[in-house]
Amino acid sequence: MSSILPFTPPVVKRLLGWKKSAGGSGGAGGGEQNGQEEKWCEKAVKSLVKKLKKTGRLDELEKAITTQNCNTKCVTIPSTCSEIWGLSTANTVDQWDTTGLYSFSEQTRSLDGRLQVSHRKGLPHVIYCRLWRWPDLHSHHELKAIENCEYAFNLKKDEVCVNPYHYQRVETPVLPPVLVPRHTEILTELPPLDDYTHSIPENTNFPAGIEPQSNYIPETPPPGYISEDGETSDQQLNQSMDTGSPAELSPTTLSPVNHSLDLQPVTYSEPAFWCSIAYYELNQRVGETFHASQPSLTVDGFTDPSNSERFCLGLLSNVNRNATVEMTRRHIGRGVRLYYIGGEVFAECLSDSAIFVQSPNCNQRYGWHPATVCKIPPGCNLKIFNNQEFAALLAQSVNQGFEAVYQLTRMCTIRMSFVKGWGAEYRRQTVTSTPCWIELHLNGPLQWLDKVLTQMGSPSVRCSSMS
């Protein structure tokens, strides 16, 4: 590695020798991109070494990296950005960006108060875990601290541990197979399939005070990401709960199928593309479907035509586009970031305007009507799907018959509008009345449903030429 600074201390060179390299980058620009990455890494390590020398923790960092041992001590730096990087204005770690992927001038502060260092910004533990352990790390959602880390990022102490071996990658939980009878004896009486397409959805504000139902969120997001702690207040839920009730995860009170039949396990498998996204303007589909292969992607209003981590709506043309749609498109901006991590899907509003989400899985978690539309303000994120919750529902629905399983297909579709909301509290009461919106199809759950339905056979209600 060629030296890119006037002087590179030996300890920096040693630490850089342990840097994990991402997979080979193809294309003509690969060499230039790798050179820029090496420059960034050297500056990041040199900045950290300079700070740790003052506190005497440098040896512990080198020990942790060279031995790759999680039993090493915490390697801490002050949790204020100003102390970390020598700036005079205090700027708490809570204001760091979660990814470190945006480009800005070196050692400057952005208008929103977050700090950029050497053309990038990010949470310090994410930066150094990416550098020394997981080059493909996207977000702090993918990390959880080990139990004996006293200064883990999620503890929000005055100092934060950046020992890369004090963090673990969040693993995707293995979903148990669903046991499906070869020929299901369907219940004689089943509840009718709910149809929400023609009803006016209710609205609710972002659930800032709701306790999450899953332990797979490894760390509390910074205050800028309004978290889901506490209990729901009446003011937050602008909806009437007597219009519908979520499906319960408790055992059904209906009689189950005949268990003397041959049960076949149907397993879940991850698809090559975890979701497909279609873009609409009012009731018209615009452009091609975007197939998401990366665990983190953004849907924005810009114009990059060939990035697997971005679905850029600014490229798409529509001869029927009216002035309202055109104006709305200009306000999409950075749009929404979608994460698929540990079997969970998160939506983060990056735009300066709110986004509006209709997720039946999320609505059930919070006890809302299945068609409720949730407003996510700028800078906030929300878990919009959970594979384990879906697996529990699927296992229960198999006992209720073909129609109950088929109804779960609606849970695998998530609708999201930009800038303009819809529902009972808005002038626009259907998603097809909003100027710009997208529809996500979650491919893994949909393919799992397909395999289960194929195994189950036919629905109980027969369809004849006379029906």
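Note that Cβ sites are derived from N, Cα and C of the backbone, with glycine treated the same way.
Feature list (source: Swiss-Prot):
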MOD_RES   Lys19  N6-acetyllysine
BINDING   Cys74, Cys149, Cys161, His166  Zn(2+) binding site
COMPBIAS  207-217  compositional bias 'Polar residues'
COMPBIAS  233-243  compositional bias 'Polar residues'
MOD_RES   Ser240  phosphoserine
MOD_RES   Ser245  phosphoserine
MOD_RES   Ser250  phosphoserine
MOD_RES   Ser255  phosphoserine
DOMAIN    274-467  domain 'MH2'
MOD_RES   Ser458  phosphoserine
MOD_RES   Ser460  phosphoserine
MOD_RES   Ser464  phosphoserine
MOD_RES   Ser465  phosphoserine
MOD_RES   Ser467  phosphoserine
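Distribution of Swiss-Prot features across the structure.
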residue	record	DSSP class
Lys19	N6-acetyllysine	coil
Cys74	Zn(2+) binding site	coil
Cys149	Zn(2+) binding site	coil
Cys161	Zn(2+) binding site	strand
His166	Zn(2+) binding site	helix
Ser458	phosphoserine	coil
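For the domain 'MH2' (274-467), the mean pLDDT of the prediction comes to 93. Those same-chain residues not listed among Cys74, Cys149, Cys161, His166 yet with C-beta within 8 angstroms of the centroid of the Zn(2+) site C-beta atoms are Lys73, Val75, Thr76, Ala145, Ile146, Asn148, Glu150, Tyr151, Ala152, Val162, Asn163, Tyr167.
Between the C-alpha atoms of Ser458 (phosphoserine) and His166 (Zn(2+) binding site), the distance comes to 52 Å. For the pair formed by His166 (Zn(2+) binding site) and the residue listed as 'N6-acetyllysine', distance between Cα atoms is given as 17 Å, rounded to the nearest Å.
Of the binding-site residues Cys74, Cys149, Cys161, Cys161 has the largest number of other Cβ atoms within 10 Å of its own Cβ. Every protein chain shown contributes to the tally, and the Cβ of Ser458 (phosphoserine) ends up with 12 other Cβ atoms within 10 Å.
Each of the recorded positions Lys19, His166 was scored by the other Cβ atoms within 10 Å of its Cβ; the lowest score goes to Lys19.
Cys161 (Zn(2+) binding site) sits 18 Å from Lys19 (N6-acetyllysine), taking the C-alpha atoms as the reference points.
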